[in-house]
Structure formats: structure tokens, C-alpha cells
Amino acid sequence: MSNKTKKGPKLPAQQLAILAIARFAEPLALTSVFPYLPEMIASFGVEKNEVARWAGFTGAVFSIAQSCTAVAWGRASDKFGRKPVILIGLASTMACFLLWGMSTSLPMAITIRAVMGGGNGNVGIIRTMVAEMVPEKELQPKAFSLMPLVWSIGSVFGPAFGGFFARPAEQYPDLFGNIDYFKRYPFALPNLMACCVFFVSFMTGLLFLKETLQSKRHKRDWGLVLGEKLTRPFQRPKAHARRRRLSFVDDEASAPLLADSSMSSSEQLAAHDEPITNREIFTYQTSINLLSYTFLALHSVAYDQVLPVFLNYPRVAPDETNSHLPFKFTGGFGLSSDKIGTIYTVYGIACGIVQFFLFPTLCARFGVLNCFRTATLIFPLIYLLTPYTALIQDTTARYAVFLTMMLVKGFVVIIGFPCTTILLTNSASSLRVLGTLNGFATTFSGLGRAIGPAAAGAVFSWGIRKGYAIAPWWLLATIALAGAVVPWFIEEGPGPGCAASSRNISREEEEGEEGDGDGEHAALLGGSSSSSSSSCFSSSDSDSDSDGGAGSKKQKKGSRYGTL
């Protein structure tokens, strides 16, 4: 046990990987829409100048429906467990995407998008599961960067699916030209491929994902039972002889994910049964973090929604009749869906590299809050400069400048979203409110995702008619500038598990004085006092110096990781 304590807590790699597989299908499916959405809306008979408005409205309907049901899904996950709600969301989105690819009219497409948004609350619930799996603050940058990394990977394959496999009968007549189904539904193929990935994610979650909700964690899971039976022939014989843990931690974790030993089972159940009040959820810091998260979702997602329309809009050569620089000009890049898909693929690869190699290092060196504040200051500059890339006449220079700006935007997005997630999680008053809090986070960010694309799309259409291509981008820059003020009121919280740890720290130290044997037994059940509180109290050495026993030594070892 002492060796494991010296090495410190580790990420629960197996369960995070399974959760990542469950998460992977959604960014893949959602980003696959971006390259062909303008062409799809135009195929419904919408005029070219109105495509941006309806594209924004389609994205807004999804986000509005998601925001209306996010709190309900969060409360359902608090009551019935995280795993069943995630599986329902995957199944619902898979069915809706299959129907989305066969949309034949604008009302049908909008209705399906609304049902799709309302039937999936997985974004907030997955964040909650990550927080419950990894309460140690020193591990949170890596843990919370995993899901955005999965989003980046999905963003590589998603636009590729959408761009390269939309209109297959036209793009690949030798393969699909004689298939009537793809002639009737030209945008169905990328959605069929995404549904296959959804099915794999659903089955992986059903068979191998373990529940993290405290009140449901130890109940029998028939999906896990079936998964164990299916994988038993491939397991090593010695695996059956290993000591059985009462925690849900996989074998790769050297420390418990949650400090279960700080409360008795009856105390945990009683605390869980108490109703969660709004005062407990909406503290000053959680409210500020929710506002900051809403601003970020509003302008960032709006940019991603309007950008494909801007890239698809025909090029306009600036002259005296249509341009009065620096403010009045119009035109886009005139790209088809396959080229837009290629651009988004490069964008996704770059974001994945940044997420994997740079994000944890930057957070460890400069701190989560400082990284987030810096990122929010860069967004307005990117939005202000984006429309001017269409004025560059040299093709190579135009693409080079545009891709550079897009990659910088991707870099600050990769920094921004994980950081705001970490800050919001650590501002929670307790672990039991995380599901509901993340439900509200999805609701408020959903409102931002609805208002942003709808407003930017409408302003884009107005700007094109009036000759002001800068209109939507400068609107987003103004919103981003306002959003950059909010983070300066944020303070980094100690984490949702620290309140319980502080209430029980004295009892844990007393138990530690009884001897090493009892301490090791407590570690097997749910963690020693060091592992349960080291991530919350960096100065616990001063409180434990007077103990003089084994508990004091363990506390010192644990506090080392809390000061990282």
C-alpha cells in the first residue's frame, strides 16, 4: 500500500476510455453535418441569400430543445443513475440521425433536429461522470481534457464523412450512381455511417461502462454481467484470483476515485435522499461560471455554424460598385461540401494535437483560470479578422491566412471549454449536485447555442443583402468581448468533494492513529484519509503534525499531491 501511496492517484484509464467511446459518436455525427448543411438547406428550395438564416435556425432548434430538457435529464441521472440516461441519449440520437439523413423538406429537418436535441442530455452527464471518477484536482486537467480531445478526434472524421460521402450518387457515380436510395436521399450515407458508430458506442457503454452515482454504484448491472461473460474467455486466469474491490475503480487506478470512507452507507443514502435546493446549486461562483460558459458556447458555436455558409457563399471580386473598404464588402470562398470537409478535417487534427500535447502542460504551468482568461481575450480578435480573408485575391495566401486564423480559434476553443468545465465543477458545493448543476450548464449553454447561431445566421443574411459581410463576425466579436469580462470575477474553487472531506478530516485522523493495519483496511474500502483529502487541502501537513502516528505520515504523503 505504501508504494501506491508514494506514486499518488492515477486516472481510471479503463472507465475513461469506455466513456470516451460513448462520447465519440456524438461529435462525429454532429460535425458531419457542417460541410453539407448549406447544400442540404438549398436542396429544400431555400434561396441562396436565406441559407445562412435557416442554417442558424436549424442549429438553434437543436440547442433550444436540448436546453429545455437538460435539467430533466440531469435530475433523471441523479435519481436513476448516469449510465441508463447516457444509453437512452445514444439510442435516441442514433434513431434521429438516421431520419435526418432522409429529410425531404425544411420542416421535416427542423422537427428531427428538435427531437434530437431534446432526447439527449449526455453532455452534462458525461462531465458529471468524469468529475465523479476523478475528484483529485491535480488529475483534473488531464481528465477533463479527454472529452474535448474525443470531440477533436470526432471532428476529424465527422466532416470527412459529411464532405466526402454527401451526394454519393453525384460524387461517385461508378459506385452509387445506380442506387435509387442515394439519388432520393443524397445526404443519407454519412448519417448511416454515423449510426454504425452510435451502435458501437451504445453496446460498449451497455456492456462495460460502470455506474458512478453513489446510490446506484453497487446495484447489479445486467449489462456488466453480460459483458463479463462475453469477455471471460479472453481474460487471464489469474485475474479471477485478484482481491475484489468494493469501489468501482478499475485495476489501473491506484487510488479510489471517490472518498467513500468519509461517510457511512446510511449517511450517504440519507444525504442523497435530501432534496437539492436551488441555493445549494446556484452559489455566487457557480452562477458566474454558468454565465461565462453560456457566453463561450454562444459565440464559439455560432462561429462554427456560420463558417460553412461563409465558405460556401460565392466569391465576389471587390470593386467600386460593391465595396467601400474597410467596412462595406461582400463575398465568401465559393467552396463545395467536399472542400469544406477537408478544411474541417485539418482543423480537427490540429485541435487534437493541441488537446493531447499542449493543454495539460499549459494548465499545469499557468493554471486553469489564467489559461481561460487568456483564451477569452483572443476570441474577439479572430472574429473581427475572419471576413477580411475573403478579400485576399491570391488563392494560396487566402487559404494560408484563413487556416492560420481557424487554427488559432481552434486552439483557444480547446483551452476554453475544458477550463470552464473544470472551473464550474470545482465551484460546486457538493458532489451530489453535480448532475443537476451540469444539467443547468447544458441548459444555459444550450440557450447560448440557440441564440448565437440564430442571430449570426440572420445577421449574415442581412449583411449579404446590404453588402456588409462583416456584420455577423463583428456581432460575435462584440459578444465575445463582453464574455471576456466575466472570467475576471471567477475564483478557483477547491472542488465539490472538499466540503465533505473537511467535515470528516478530524475523524479520519483519529482512525489513522489506531495503526497502519486499520489505515490499509480503510484504503481497500474507499481510500485512506490522505487520498480522500489531499486534493482539497494542500496545507494538511500542519494539521497532522501533532498526530505522531501512522496517520500523520500518510497525511503528509497525500498532501504532496494537493500542492501540485
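Quick reminder: no glycine exception, Cβ is built from N, Cα and C everywhere.
Copied over from TrEMBL:
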type: DOMAIN; residues: 15-495; note: domain 'Major facilitator superfamily (MFS) profile'
type: TRANSMEM; residues: 85-102; note: transmembrane segment
type: TRANSMEM; residues: 108-126; note: transmembrane segment
type: TRANSMEM; residues: 146-167; note: transmembrane segment
type: TRANSMEM; residues: 187-209; note: transmembrane segment
type: TRANSMEM; residues: 344-368; note: transmembrane segment
type: TRANSMEM; residues: 374-392; note: transmembrane segment
type: TRANSMEM; residues: 399-424; note: transmembrane segment
type: TRANSMEM; residues: 471-490; note: transmembrane segment
type: REGION; residues: 497-564; note: region 'Disordered'
type: COMPBIAS; residues: 508-517; note: compositional bias 'Acidic residues'
type: COMPBIAS; residues: 526-541; note: compositional bias 'Low complexity'
type: COMPBIAS; residues: 553-564; note: compositional bias 'Basic residues'
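On the 0 to 100 pLDDT scale, the domain 'Major facilitator superfamily (MFS) profile' (15-495) averages 81 in this prediction.
Beyond the transmembrane segment (471-490), the same-chain residues lying 6 or more positions past its ends with a Cβ under 8 Å from any Cβ of the stretch are 52, 285, 288-289, 291-292, 295-296, 298-299, 302-303, 306, 369, 372-373, 376-377, 379-381, 383-384, 386-387, 423, 452, 455-457, 459-460, 462-463. Between the transmembrane segment (374-392) and the stretches 108-126, 187-209, 344-368, 399-424, the greatest number of Cβ pairs separated by less than 8 Å involves 399-424.
Counted over residue pairs separated by six or more positions, the transmembrane segment (187-209) shares at least 3 Cβ pairs under 8 angstroms with the transmembrane segment (85-102), which defines the two as touching. Long-range contacts of the transmembrane segment (399-424) within its own chain (CB-CB distance under 8 A, at least 6 residues past either end) are made by residues 127, 140-141, 144-145, 147-148, 152, 286, 289-290, 292-293, 296, 300, 303, 307, 333, 343, 346-347, 350-351, 354-355, 359, 362-363, 368-369, 371-372, 374-376, 378-379, 382, 385-386, 389, 392, 437-438, 441, 490, 492-493.
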